[in-house]
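Asks: Please find one structure pasted underneath; my questions will follow.
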């Protein structure tokens, strides 16, 4: 018993040991809910409950596996194997396989996954020519089923509108197609299990305890299942958090928590409040955001860690600058923490997929590897899916969806028109496609259009292959059946040669996937399949019996269909940044989290129906972070579209946020190490990281101003500051001071060859305002090879047509109409002995030649004492022009230096917080025109060739969507 309760805090211990029959354990992020739930199961087992009479429901396979591993250590292998533990869908499938015959469901029913459902609806669209998008139709059908509605209910309540009647027709045809193929879709698994338990409650009469994880994500049908599964003993433990209810689009009902308390008035509620994940600063922000919802239950978050680093709300001028800043901050962070933080510790969490395009491109240009969460499952890869569809057809030939996917793959001279004719004939005859094919080839059924000889030969070959597969299956040892059948099909198809011809660039990788599938199938043991599916015997209730190799194959295919896991990265040794949607990130955590695009229209989404759910979504994103949390706000979406900061970050909240990324001082780094439970790098390593910075790098987040504008610097050439900095290893601020001091003169205004765009605009006389209509930038569709999360979700992706040779996002150029061509610019007087170049026209009508951009100014140097120096200004033919300024213009007040020494090699700067910054105030800022291009021949030669990260295996979702 002590082993079970060891390490639990007071609230967790109370939840584990309570004698209450119905328990709601409200567990906020990072509060140890999985540990609490598994300890509760172990406690029940240790107190005499039989494990085969305990059901544990989770929402993901990953959560089920984690629970099994923990329980194995608490109660032992033998007892753990006897537990009924899995996802809602997998548990319902077990009951339907075992007892489904009681309501007319055949034991060998198949499962229609989302691809099958969509394929059926696409075929129906061609048949009945409905106007609704098949994906929309699938979602509407699933939504109705999740509410427990059947076709009979919809017929009674449907409106008389054309759209409503069309949906009823689609629903009826879809259900008929499933029935002909003997398939149940995901929602049917739950619905039919509810029907089974309503009609035959004796099937669960043995259940003594029911435990459910992530209860806030349950829908109406799952809520009914809870009541039915626990009907015998009414002993229920649920773990959930209403603040993390973000699946309303999947028909999840956060109100189920209240409904449960009303239905079970004896319910006891225990709150877990201690957070073991995030720093106090992050939790404080998350708490302030979620408490804006006045309808939520009152509960607090208490961090077990130090206060840590305040979260950052970074203003950037536009999405391009947002992407560039994220990349810059990732590089600065990993450099300045000297191995404490690596790419694998960083996640970029997105509200919408379209936000990833520019970020992916910026990461690729910078050579930063990344991976996508929510990508293609291993079982959905083309070559793997092909083999699985052959196995599904062999196991269950009446599965029209599976048969249609292989009917002409590899090519058998069976064209699209032939397939359409066969499908139409099968539907008219109310037969499965497999049955119709056999009758046609035997001459027992005549088609309106006769088959061609090549098509007839190809179909005969397919039927022969399927029949031979069925004969082989009967001869295989049950435990070896799935693996051996895969090898048989691959050999008969000549799959290796087929992949060579169809996928010349990556056929070897695809063949390795085939071998991996075969290995996975061979690893499946009869014992593991039996343990996964076997239900305890109940007196008086007949169970369906297993049937050898075919039963093993059926279970294997069912497990594949219910798999929700994406491609595993467990064996991936490369450190990579994670890009994910917030929904896909639920239940995960990272030391560092970026949340881009915190503006109205993104979060909350422009099409969101529930603002409170959108707030919870931001809350979930924030609470994924352990040590550092960044949020970015692009002030402008485009040249003619301004952004509004999300309503969830009120003025009072933003005052507590930093406006720039943290200075990685020894205290900040120590706090990060403490939160993560890691060893902090040594002082020597930190100092070395500072001195190793390159010319274009900074130890501070100061390349962008606090308002988001980038500080652009004009470079003088080979004798400029960059070479000085790189030669002497000075900090940039020190190098700037040294350079300016060495070039001061009392005879004329000093021009060092460097200036920021803001300074330049401030010193230039005001120009006549010219009102022009801003044109939207022309966009072009991204190529299919460009990796992007957006294309994976079948949304249009675009890229800027401007050529960006240096791999960095460009600042928006000032419109040529914004400054009149007749503006007079006073040019400097250049001594003849210093230059042979002459400018004869003072009315400058052409833009100044763009010069190579150097590193940005890191500190204001206007308050540095001037020292006379006769070598203050040396002008060469490549030097920038020296301007003469109006002496009557007021001088800019000098700011005090923000830098103080805290340790060797580090400059400390106090982090400022928001006071009166609002998005609307930033619209009056001047937007300087950039000078980004490299104009020197060496500079041009040094521009590296873009690879978009392809050499680093950073393929985005777009490159996988058709594989």
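Placed from the backbone N, Cα and C atoms, the Cβ positions cover glycine too.
A TrEMBL annotation is a machine prediction, not a hand-curated record.
TrEMBL feature annotations, pasted as is:
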- 6-279: domain 'UvrD-like helicase ATP-binding' (DOMAIN)
- 27, 28, 29, 30, 31, 32, 33, 34: ATP binding site (BINDING)
- 280-587: domain 'UvrD-like helicase C-terminal' (DOMAIN)
Asks: Tell me, if you would, which residue among 31, 34 (binding-site residues) has the fewest other CB atoms within 10 Å in the structure shown?
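Replies: Each of the binding-site residues 31, 34 was scored; lowest Cβ tally within 10 Å is 34.
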Asks: Mind giving me a neighbour count for residue 33 (ATP binding site)? Other Cβ atoms within 10 Å of its Cβ, every protein chain shown.
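Replies: Taking all protein chains shown, residue 33 (ATP binding site) has 22 Cβ neighbours within 10 Å.
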Asks: DSSP on residue 33 (ATP binding site), three-state: which is it?
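Replies: SS state of residue 33 (ATP binding site) = helix.
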Asks: Taking the Cβ of residue 30 (ATP binding site) as the centre, how many other Cβ atoms fall within a 10 Å radius?
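Replies: Within a 10 Å radius of the Cβ of residue 30 (ATP binding site) lie 22 other Cβ atoms.
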Asks: Which Cβ among the binding-site residues (28, 29, 32) has the fewest C-beta neighbours inside 10 Å?
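Replies: Per-residue Cβ counts within 10 Å for the binding-site residues 28, 29, 32 bottom out at 32.
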Asks: Can you check how the pLDDT averages out over the domain 'UvrD-like helicase C-terminal' (280-587)?
Replies: 85
Asks: For residue 27 (ATP binding site), just count the other CB atoms lying within 10 A of its CB, please.
Replies: 27
Asks: Beyond the listed site residues 27, 28, 29, 30, 31, 32, 33, 34, identify every same-chain residue whose Cβ lies within 8 Å of the center of their Cβ atoms for the ATP site.
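Replies: For the ATP site, the extra neighbours are 36, 241, 272, 275, 276, 277.
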